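Q: Here it is: the structure, laid out below.
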């Protein structure tokens with residue numbers, strides 16, 4: 001056995017409570033290296049009792065590792081345990097202290113321990129997220145519902161955008177399209193920032209308590225949220241707490257008064273008088289973006305101000321959560337306080353961080369509920385849009401993502417294929433709709449929350465920002481109805497099948513450009529098969545007999561467990 005690959009730690013994601021009496025544990029081994037794994041466990045203070053023994057199940061395999069899992073049923077809230085690992089010949093006992101050829105006895109402090117399951121150690125996402133499908137709106141480009149609040153020099157709707165061009169999108173425009181959103185089938189919207197700012201994107205906030213007048217006002221925001229709620233749609237606002245805008249009152253006071261300003265310590269000022277060029281004389285977003293001075297969230301006064309903002313909009317207009325911009329550049333201490341404030345104001349509010357990389361430090365149950373899942377997007381773009389990786393590599397990428405987090409976190413990850421900060425998926429796929437449809441099937445059948453960037457559902461294209469922020473296409477003759485109807489079908493399939501919302505995930509086939517997996521829940525299963533190639537493929541899969549394709553994207557020919565897959569095809573077998 002390759003001992004160097006065998007790994008466990010009594011912490012997330014290798015050990016975590018599902019409730020006060022169940023502990024999920026995971027053991028990693030080298031791929032194809034082990035044939036049996038058992039866990040031996042008992043209550044930590046049951047000095048005379050015997051160890052219980054339980055076999056573990058191989059749940060995930062990738063190019064490097066196998067992962068074995070089980071759930072321990074506990075009589076008490078504390079447990080200690082160790083593993084028995086076998087490759088058919090050699091047997092090893094694996095403990096926190098290392099490996100043993102003989103079963104260790106009287107080894108209390110050498111075993112793996114989960115000392116106590118506290119009530120707050122159990123992570124539960126907001127209940128409504130289990131059936132959630134999110135639609136992101138960039139308000140300035142979604143719909144112009146009130147021309148009376150348009151900015152000066154507004155551009156004609158549909159003209160190609162620049163970094164600073166305005167088109168007049170507003171909150172009334174979103175209200176006017178609630179029926180459209182309801183017809184599509186989504187049940188949550190996330191709005192990029194809507195607070196006072198001079199920019200089109202509003203990520204340089206001037207006033208956190210004022211809706212930008214080109215979008216509307218507080219009453220209009222309240223109306224939007226209420227009408228969304230009336231139609232079964234949750235509303236998530238965007239919080240930009242890493243930095244403010246150059247015109248933010250506190251920064252302007254520093255510009256005017258220097259060290260005499262009571263807000264001096266709200267920022268990290270290198271030199272005064274303030275300079276913006278050639279490089280800002282203060283810490284700013286991305287080091288050089290002078291319009292966005294970084295806020296010092298270690299400062300108790302800054303914390304108090306921002307936490308009051310977060311609470312205010314929940315209470316004032318009844319929003320259902322916050323998406324947190326540049327969340328990975330703010331200290332964890334602040335986010336723990338943020339969670340306490342938000343959950344006290346509205347326990348079912350969702351907290352979603354913007355983290356482009358491994359977000360596990362923020363997803364332990366004490367900070368965020370979810371993040372925008374850019375690693376998911378990376379894998380989907382590479383496999384489906386660009387076709388530059390194999391199914392085996394794709395499986396490794398998504399398996400690694402699943403194994404970073406608790407199951408309850410994976411189920412609420414915002415699985416996006418594009419956003420206001422990325423190229424449109426259809427652009428990356430060189431306009432090949434077939435590739436996009438395959439990606440969508442995976443997105444809507446994988447573990448997590450499907451996330452739609454406005455306009456993707458009608459076939460919008462666009463390169464990197466600002467081109468990805470084009471005006472929404474409302475002329476039906478210009479919309480791709482094939483893509484739109486495909487979205488609607490996938491949304492319906494996901495909503496009607498519990499396996500896709502709650503089920504476990506297991507890869508069944510990952511060879512060449514064919515990928516197949518199973519979602520299973522309460523004894524029922526759905527098998528998804530994706531042929532991400534331009535030629536017919538023939539594969540053998542167990543468990544497919546008796547199952548019918550509910551997607552009906554392309555004809556499926558079969559002979560027992562042999563499947564004849566059409567080029568660029570997907571099948572959802574139930």
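Backbone N, Cα and C atoms are what each Cβ position is placed from, and that goes for glycine too.
Swiss-Prot feature annotations, pasted as is:
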ACT_SITE  325  active site, nucleophile
ACT_SITE  354  active site, proton donor
BINDING   144, 146, 149, 150, 168, 170  Ca(2+) binding site
BINDING   243, 323, 420, 421, 465, 469  substrate binding site
SITE      421  site 'Transition state stabilizer'
Q: Measuring Cα to Cα, how far is residue 149 (Ca(2+) binding site) from residue 420 (substrate binding site) in Å?
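A: On Cα coordinates alone, these residues lie 23 Å apart.
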Q: What number of additional C-beta atoms lies within 10 angstroms of the C-beta atom of residue 325 (active site, nucleophile)?
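A: A count of 20.
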Q: For the substrate binding site, please report the maximum Cα-Cα distance among 243, 323, 420, 421, 465, 469 in Å.
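A: Roughly 22 Å, rounded to the nearest whole number.
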Q: Rounded to a whole number, how many Å is the Cα of residue 469 (substrate binding site) away from the Cα of the residue listed as 'active site, proton donor'?
A: 18
Q: C-alpha of residue 170 (Ca(2+) binding site) to C-alpha of residue 354 (active site, proton donor): distance in Å?
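A: Their Cα atoms are separated by 24 Å.
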Q: Are there any residues in the same chain, six or more apart in sequence, whose C-beta is under 8 angstroms from the C-beta of residue 144 (Ca(2+) binding site), and if so which?
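A: Result: 150, 157, 167, 168, 169, 170, 173.
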Q: Determine, from DSSP, whether residue 323 (substrate binding site) sits in helix, strand or coil.
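A: Where residue 323 (substrate binding site) sits, the three-state DSSP reduction gives strand.
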Q: To the nearest whole angstrom, what is the C-alpha distance linking residue 465 (substrate binding site) and the residue listed as 'active site, nucleophile'?
A: 16
Q: Around residue 323 (substrate binding site), how many other C-beta atoms are within 10 angstroms of its C-beta?
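A: If we count other Cβ atoms within 10 Å of residue 323 (substrate binding site), we arrive at 26.
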Q: Near the residue listed as 'active site, proton donor', which of the recorded positions 146, 323, 325, 420, 421 can be found within 10 Å, Cα to Cα?
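A: Checking each Cα against the residue listed as 'active site, proton donor', the hits are 323, 325.
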